[in-house]
Amino acid sequence: MEVASYLIDKSSSITVIGSSDLPYQNTLGREIGKFTLTVKRNVKFYMNDNVTEVKGVDGKVKEVVLKSGKVIPADVLIVGVGIFPNSQFLQGSKITMDSKHFVIVDKYMRTNVPDVFCAGDLATFPLAMAKNRLVNIGHWQMAQAHGRIVALNMINKATELNSVPFYWTVLLGKTIRYAGYGEGYTEIVMKGKFEDRKFLALYIKDDEVIAAAGLNYDPAVSAVAERLVTGNVITKAEAQYVQSVCFPLLTVVLRTPDAVSPSPPDRSDDLSWLQLS
């Protein structure tokens, strides 16, 4: 998708082919995936499909044949096939790896072998904000945080990893910022509207905000990240209060059992952590 965004103004047409139902389905969720399909410009989407054949003439690509039978003219083909860890050289060693062959480390980025550390895309590590669940996150921001923690612990300055995943992506000419770890979210509390190209999505799991994504709502996502990195919980009630009371862009009214407007949820800082433009 990032490549497609870059090429929007440099080509006459762009076709995106994906095996999932929606773009960004596994990273930003179905809601933002659906929004992506509406940001057309000169991009066509063929989702839930696969390439079965590439046809060319004189060594140059000319057509792409899909599993669905569609044939798409093409001058340039860019293929994204996913990644797997380059850890074959560690097989047979004493270093513990998970079932996908990522190296398992503790909160100090230490492997199970004394004085051997691992950082970056190869590491599976306990994410503090996800209750120390072991995760693998392939973003440079997290790799940068890993490197700092490894260096400190190598010189016996014991320091635990405590970093909230944060990244941004260009979505067909628009920059979306994302913070947190949203896997397993069950609900989204939305501030703003997709169709207005201005929104803040707060991802909820077990009545807590576990991630946020924003478009044209700076610096809200950064504020969420700052709150999460301190270990302070953002409750679903706080998210709904932000949505419907503090900054009303949506016509949503929260009702208590006696049908009166709700009081603000208990908060230690009166939502000063969240700044919305």
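Any Cβ shown, glycine's included, is placed from N, Cα and C.
Note that the coordinates shown come from a computational prediction; the quantities given were computed from them, not determined experimentally.
Under the heading domain 'FAD/NAD(P)-binding', TrEMBL lists 1-147.
TrEMBL lists 167-231 with the feature domain 'Reductase C-terminal'. Residue counts of the domain 'Reductase C-terminal' (167-231) by helix, strand and coil are 13 helix, 35 strand, 17 coil (DSSP-based).
Look at TrEMBL and you will find 258-277 tagged as region 'Disordered'.
If you average pLDDT over the domain 'Reductase C-terminal' (167-231) in this model, you get 90.
The helix, strand and coil residue counts that DSSP assigns across the domain 'FAD/NAD(P)-binding' (1-147) are 35 helix, 40 strand, 72 coil.
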